[in-house]
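TrEMBL lists 28-101 with the feature domain 'Cation-transporting P-type ATPase N-terminal'. What TrEMBL lists as region 'Disordered' is 1-26. The transmembrane segment feature in TrEMBL is assigned to 77-97, 103-121, 264-288, 294-318, 769-799, 819-841, 853-875, 887-906.
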Amino acid sequence: MTTTAAPKDRGVSGDGAGPPGGPAGAEVNAREPLAELFRDLRTSPQGLAGREAARRLVVYGPNGLTRRTVRRWPAELLAQFTQPLAILLAVAAALAWAGGTPALAIAVVAVILLNAGFAFVQEMQAERAVDALAAFLPATARVVRDGLHAEIPARDLVPGDVLIVAEGDRVCADARIIDGAVTVDLSALTGESMPVVRSSEPAEVTGSALDAHDLVFSGTTCTGGEAHTVVTRTGMLTELGRIAALSQRGPTQRSPLETQVRRATWIIAIVAVVVGVAFLPIGVWAGLGWSAAIGFAIGLIVANVPEGLLPIITLALAAGVRELARKGAVVKRLSAVETLGSTTVICTDKTGTLTENRMTVTRIWLPGAELDTGGPVDDPRAGVLAAAAASCTTAQPPTGTQPGSGDPTELALLGLAADLGVAVTPAARDSGRRAVFHFDGHVKRMSVVDETAGILAVRTKGAPETVLPCCTHLLGPDGDSRPLDDAARRELQHSLDRYAAGGLRVLAVAQRILDPGESAPARRENAEAGLTLLGLAAMVDPARPGVAEAVASAHQAGIRIHVITGDYGPTAAAIAHQVGVGRDGGRIVAGEELDQLSDTSLDELLAGHDEIVFARASPEAKLRICEALRAGGQIVAMTGDGVNDAPALRHADIGVAMGRSGTDVAREAATMVLTDDNFATIVVAVDAGRRVFDNVRKFVLYIFAHAVPEVVPFLIFALSGGAVPLPLTVLQILAIDLGTETLPALALGREPAEPGLMNRPPRPRTTGVIGRTLLLRAWLLLGGVSAVLVMGGYFYTLWQAGWHPGDPTGPGSGLHHAYLQATTITFAGIVACQIGTAFAARTDRASLFTIGLFTNPLLLWGILFELVFTAAVIYTPPLQHIFGTASLSWTQLAVIAPFPIIVWGADELARWVIRRRPAVSSP
Ligand code: ATP
C-alpha cells in the first residue's frame, strides 16, 4: 500500500473512533434484523438529524484510523550508517587511526555523523511532505441527513448515518445495506480481488462477517451498483481498524534518479579508493612515509565522495512535490516528479478535462422539428422528452441553497425539464422507480422503469447509436407513434452530425409505456427493446479556459496529445480542434474500429506524428492504447476517472486521476491527482518535473566540479614525492565539502526554470542525470580551470616567500607561516572558484545574463554564508588552529578575488560557443 492509500481516504486522527458504548452502542450486532438494528442505532432510513450526528461525532470521535506511531526512526537513522559511502568513510577513519593520525580519524568520524544526521533529517522531511499531501485530498461521503442528501467529509461519519455507496466509491465505514445492490472489491481486507455482490436481499450466511451478504466494509471499494446503507461502525472499530497492520506503510520506493545517482557516487567512490590505493606505493616510493601516504589516500577518498548529494536530491524532489500540490497536482511518489519531466505523450479524456463538465442543453431535435432552447419552445413533445430524460437520472438537482450533485449530463437534463416546466423532484422520481439499469461505459446508455398513476414505463437515455437500435418507433408531430423508417434514421443522422460538428454532445431519449398488467422487466435486454424515440437533446460543454494555451505549450515541448473519450467521434474531434489538439479533419478512431485493429496496426498508427481522437472508447481501450504507446518507447501520462480506468492508470508511467469528479478507485490507482481536474495542470506538472530534473543536474554539476581542485593538490604532492608540500589539508577539504558547499547546492535545487525549458523536446528515457557532457563540463572545464587557478595561487604565495622545491615548510621552519598562508590560499581559492561554478551551473545553455544575475536570492544567501564561514576559518584563531590556516593579507585576497569571474567566464564562453553551433536536430 502506498503512503497515501489507507490514511488518505480516511483521514488520520490522533484519537481514533473515541470511546465505545455511547448512546447508540457502537458494538451493535450488524447482522440482527434491520428493524432492530435501526432501533439499536437509534436511526431510521431517513438518516440522522444533523444535530444528533454532531453529538455522536463528539462521542465516537472522527472516522479515521489512528496512525500507529511506530518508532521507526532509530532504524532509519541506523540505516544511514550502513550505506556504502558511510562504510567507506569508516574504513578511511580506521586507516587514519592506524596510520597514527587520530585527529584526521576523528574528523572523518565527525563527517560520517554529520552526514548521517543530515541525510536522516532530509529524508524525514521529504516523507512528511508526501504525508502532508493527504490533506489536499479530503475524502467525502454521501449521506442522508435530516432526510436530505448531503456530501460530508468522511471523517464526520458516525454510527447511525445513512451512507450512500455507489460505483467508484471507497466505502468509508462498516455498514449494513438497507436498499439496493453493489459489487464490492474486498481485496483490501481479504486479499481476494474478485468483486463480490452485496445487497439488501436477506441470505442465510454463516461464518465470518466478511462473508455476510448485506454488509459492506470500510477500506473496500464499490465497483458497481448503488446502495443505501446504515453505518454500524466507524474509525478504529471497523474491520479495517482492527487489521492494524494495514496502517503500516510499505517500503518507500527509490526513484530511478536516486538509483542512478547512488550508482554514480558508488562508482566514483570505487575509483577514488582504487586511485588512493594505487598511489600508496607511489607515495611511499617517492619518499613519503607510510602515514603521510595513508593520509594522502584518505584525502583522495574524502575529496571525491560527494557526501551531500543524495539528501539534496531527495530534498529537491520533495520540494517539487510540494510545489506541484500548491499548483493543483498531488503527486503520490517522489519519483513521479522526474518521470513527469520526461513525458512524451498525454492521453486525455475530453469531458471535464478539456471541457468544463458544465453542460447545458441548447438544442432539441424532435421527429420533424428542431428547437433552440434559447427561444420559445411550443412543441409539447419537448416537455415529454425532457420529463422522460429527467426521470431517467440519479443526480440531485440544485435546490435553493445546495448546488446540484451527480453526473453533469444528467444535471443538464434536469435543468432542461425545470426550464420547460416539467421539473422532476428527486423524491417523486425515486419513489416511482421500480427498476434501474445503470449507465455503463460499455453500453453507454441508462434505463429506468417508472410507475406513475399505476402505469409502468421504461425510459432510456444514452448515446444515440446505442439507443437507436433499441427503438422501433418514433414520436410523430401529433403525438402519434410511427415506425422508425430509413428516411427518419437518415434525417436523424444528418442532425446528429451537424450537432457533433459544432462540438455538441448528443443524447437520445426514448420510452416505452408498458401494457396494463405487464410487470416491470427484470433484465436489461427486455427493458430496452421496442422503444419509441422521443428525440435528441444536444448540449454544450464549453472548453476550459487555459486549455488551449496549455495544449500549445505541450506541443512546444514536443509532447503529443491523444484524446480518448467515451463521446461521439465528431463531437470529440470538434472540441479537440477547438483547444488545438489534432489537425482539422485529423484521425478519429471509433471504438469498433479500434477493436478491429491488430496490435501491429495500432503500434503503427501510434508511431506516426498524428494526434488521434479515440472516440466511443471503452475503458479497456485506454489500457490497450497505453500499452501500445509504452511498447513504442513513449512515456505516457494517462488521465482517467472511472473505476474501469484503474488498470490503465496503474499501467501508465503517470496515471492522472481527477480529484473532483473522479472516483476513489481511480484516485487510488493514479500516481497524480489533479485537484482542479484541469488539463492545463498536467502541463504545469510536466514543466515542474522538467525543472526539478534540470536543477538536480545543476547541483550535481556544482558538486562534482570542485573534486578536481581538491584532488590535484594531493596528486602534485604525491607525484613530487613531497618536494611540493601538501597544498590542501584533509580537514580543509572537509570544511569545503560539508561547510561551504551545501547551502549553495540546496539553492541551486530551487533555481527558477531556464528560459526555453518547455521549448525543448522531452528528455529521452535513457538520458541519465549524469552524462558525458555533464562530467566533461564539471571535471574538465569548471574543475580544470579551478585547479589551475588555485594551484597558481598556491605556488605564487610560496614563491613570493622565497620557497624552492624541497625546502622545509614544517613547523619551526622559516617558511612555515608562508606555507600556512599558501594552503589557506588553496582553500579560499577553491571557495572562490565554487562561487563562480555556482553561477555557471545556474544555466545549462542560456547565458546567465538572460536569466538575470540576482534571480535566485537563495543562492545569494548561500554564497554569503559561504563567505562568512570561510572568513571565520581563515581569521579566527581557534579555527585557524583546527584547520591549519593563517590570516591572508589584502594583496593575497586580491589574488583570489578574480577567481569566481574567471571560472564563470570560462563556462559562459563555452556556453556561447555551444549556442552558436547549429542546434542538433530535435526529434
Ligand atoms: P470522457 O471519456 O472524455 O470523460 P464522456 O463523459 O463523454 O467522455 P462517458 O461518460 O463514457 O464519456 O460517456 C459516453 C457516452 O455515454 C456519452 O457521450 C453519452 O452519449 C452517454 N452518456 C454519458 N453519460 C450518460 C448518462 N448519465 N446516461 C446515459 N448516457 C450517458
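Keep in mind that glycine also has a Cβ here, set from the backbone N, Cα and C atoms.
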Two-stretch contact, the transmembrane segment (264-288) and the transmembrane segment (887-906), at least three Cβ pairs under 8 Å: no
With Cβ-Cβ distances below 8 Å as the criterion, list the same-chain residues six or more beyond the ends of the transmembrane segment (853-875) that contact it, or say none. 735, 739-741, 743-748, 750-752, 824, 827-828, 831, 834-835, 838-839, 842, 883, 885-888
Near the transmembrane segment (77-97) in space but 6 or more residues beyond its ends, with Cβ under 8 Å, are 104-106, 108-109, 111-112, 115-117, 119-120, 265-266, 269, 273, 294-295, 297-298, 301-302, 305, 307
Using Cβ atoms and a strict cutoff of less than 8 Å, what residues sit near the transmembrane segment (887-906) while being 6 or more residues removed from its termini? 781-782, 785-786, 789-790, 793, 796-797, 821, 824-825, 828-829, 832-833, 835-837, 839-840, 848, 874-875, 880
The domain 'Cation-transporting P-type ATPase N-terminal' (28-101), counted residue by residue under DSSP: helix, strand, coil: 43 helix, 3 strand, 28 coil
